[in-house]
Amino acid sequence: MEKRAAAGPEGAPGARAPLAVVCLVNLFLTGRLSSAVPALAACSGKLEQHTERRGVIYSPAWPLNYPPGTNCSWYIQGDRGDMITISFRNFDVEESHQCSLDWLLLGPAAPPRQEAFRLCGSAIPPAFISARDHVWIFFHSDASSSGQAQGFRLSYIRGKLGQASCQTDEFRCDNGKCLPGPWQCNMVDECGDGSDEGNCSAPASEPPGSLCPGGTFPCSGARSTRCLPVERRCDGTQDCGDGSDEAGCPDLACGRRLGSFYGSFASPDLFGAARGPSDLHCTWLVDTQDPRRVLLQLELRLGYDDYVQVYEGLGERGDRLLQTLSYRSNHRPVSLEAAQGRLTVAYHARARSAGHGFNATYQVKGYCLPWEQPCGSSSEGDDGSTGEQGCFSEPQRCDGWWHCASGRDEQGCPACPPDQYPCEGGSGLCYAPADRCNNQKSCPDGADEKNCFSCQPGTFHCGTNLCIFETWRCDGQEDCQDGSDEHGCLAAVPRKVITAALIGSLVCGLLLVIALGCAFKLYSLRTQEYRAFETQMTRLEAEFVRREAPPSYGQLIAQGLIPPVEDFPVYSASQASVLQNLRTAMRRQMRRHASRRGPSRRRLGRLWNRLFHRPRAPRGQIPLLTAARTSQTVLGDGLLQAAPGPVPDPPVPNTDTGSPREAGDGPPSGSGHAPEVGPSVPPPPLNLRDPEYRPEDKERKACVDPLEDSPAPVDTPPEPCLAQDPHPQTPTASGIQDPHSAEPLGVCRSPPPTCSPILEASDDEALLVC
């Protein structure tokens, strides 16, 4: 049933906005709209508004039994001056005292101002005619309801009185009201003046059974208005004058073997009262003696715990079970087929069940019962077969439900044009053949999408004779009631998973772009802030802190800049050879390093330091930059130290010549005072020297170019360090240490050497080696 949600008669437009949002979100995530609609039905706590000229309204779960504890509301809105007419097609609401449990309300106002027009029971109410342009409809089922009532189905039409003409499928009353054609001569006054029932050419052959109250049935005599209890139906006694209460009664025996090519049977409690204190188990064996398929049709009225099992072949075998039917299939026809003309029907009912069993008919497929018409276009053959397998009875003619695959039982109906089919429920609406089984409802009750034998292109045929979109097949969600749209599917990722992954990747990509943008923005702000406070002094300071570290002691020895001392002894020529190899490898590495460095690499290093090593010095501080100048060379405990700064005053030379010492053997001289020379233990002689080392080459090797094998030329020959030389620039080899001096033993002060410094083309600093 097509439903439209709204907040009220005046608030309908406002209610469509949330519906549109829900539908768009559902379409984006699942690729469909249908799953969002049921949540907005009339029984979900929201009002359902109808503004169509004609329509059909059903109780919840129709044609199944309505559930207990349900509240539904509908609102029919017409134009100004319209008159609304409501006619009931079916009505079965559980009866109670003064309709206090389950009820249906109709009127022009909402509760509590609702007029007391409350309905319940099984008798079809008379037509409801509203002189106003709107009608409220409320349905309520109590939580204690048994759930065994089917509900209701009603049709409505709105329009003005005094109309000169009506549509082709409508009937015009004497007061000018237009009604659907099927409403004429139905023994219900919908015109209000009786004109729709006064000009009937022939009275109905039997009054509608709904004129009798619930739990009764009418006699079929033309003039009879007698209603009898259902217990007196098919009880072996004629209670109606014409014997109609015993006509066409099925076999009520509890189980039997049936051998005809067609027949009928029913459960023993079909027309009986409430079941006794014992359970009921019955089995029927059907053998048509025909190799062709047998067709079984059932009408169920089962209780909550009752069920019917149908098996293929003779005998109850689990591997041949066709279907198990329960109370959920009540009030709708059920058709099953079995191969080779054999089947078994088993009925199981609980004690004191409120159900009334079932009624069944069977026939060989391709044959029609005497009171049925064939679905095939050809006439019946000599053997009773038809061109198309299938049959329909006269009550099934033009009822809106396709009983034939070709739709022959719905063709040529008086309420529709020749090329159209009627909707179910006698609403007078019709639809074209192209609208049949395309998964788009054209009838308010969706009759054009029910019992589909074939589907339109682009749709998939479910095992329950429903059609869905082809794109819904194998999408990971069961859209057919039996799940046949997900059978035989390859292992594929569901569409919703793909959609979720796509959305997740888009969100992650967006977050990544935002993060990168923030990072570049922060870098830009930091660069601008750094440049705003950048001065010439800060740039010089940055250049100063990037100076390379001096070489280590091992590198100096390997380069031949200093001789090995006691803590790095050389005992043999093999060790000297290894040391020479280390020197050669270090020279090659330094040449390779000097050839690779260039301006581009220096600029890259500066950029890297600016990005990740921002100077930490306080802003405005001027770095003290002095030229690197070696004023003294200290040869102490195996370390080469360069003490920058001005050359201090020379110490007082040692006048003690009684025990001459070599330079560096005694304590250094003081600051002008000659300390007493006492007995002291001389340091161990430098015995572990390079075998090729000579004292006269000491000063010459101090100015060796690390990149060349030959010593660098000097301008002036080195002068020996004599303690007796009074010249302040002369090196002193005194072994006496001045107590006010912080210099270690063996200090040789000398003027700045004239040897050329080691320079690299790409470095800003120069390595001065003495």
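Note that Cβ sites are derived from N, Cα and C of the backbone, with glycine treated the same way.
Per Swiss-Prot, the feature compositional bias 'Basic and acidic residues' maps to 689-703.
Residues annotated as domain 'CUB 1' in Swiss-Prot: 43-159.
Annotation source Swiss-Prot lists domain 'LDL-receptor class A 1' at 165-201. Residue counts for the domain 'LDL-receptor class A 1' (165-201) under DSSP, split into helix (H, G, I), strand (E, B) and coil, are 7 helix, 6 strand, 24 coil.
Taken from Swiss-Prot, the feature domain 'CUB 2' covers 254-365, and the record attributes it to sequence analysis. When pLDDT values are averaged over the domain 'CUB 2' (254-365), the model yields 85.
For the domain 'LDL-receptor class A 4' (454-490), the DSSP counts in helix, strand and coil order read 6 helix, 6 strand, 25 coil. Positions annotated as domain 'LDL-receptor class A 4' by Swiss-Prot, on the basis of sequence analysis: 454-490.
Here Swiss-Prot flags Asn71 (among others) as N-linked glycosylation site, drawing on sequence analysis. According to DSSP, Asn71 (N-linked glycosylation site) is assigned to a strand segment.
Summarising the annotation, Swiss-Prot assigns N-linked glycosylation site to Asn199 (among others).
The feature N-linked glycosylation site is assigned by Swiss-Prot to Asn359 (among others), with sequence analysis given as support. The secondary structure of Asn359 (N-linked glycosylation site), as reduced to three states from DSSP, is extended strand.
Among the features that Swiss-Prot reports, topological domain 'Extracellular' is placed at 37-496, with the record citing sequence analysis.
As annotated by Swiss-Prot, topological domain 'Cytoplasmic' applies to 518-770.
The transmembrane segment feature in Swiss-Prot is assigned to 497-517; the stated evidence is sequence analysis.
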- line: Counting other C-beta atoms within 10 angstroms, the emptiest spot among the glycosylation sites Asn71, Asn359 is Asn71
Statement: Helix, strand and coil residue totals from DSSP for the domain 'CUB 2' (254-365) stand at 9 helix, 54 strand, 49 coil
Query: Between Asn71 (N-linked glycosylation site) and Asn359 (N-linked glycosylation site), what is the CA-CA distance rounded to a whole number of Å?
result: 32
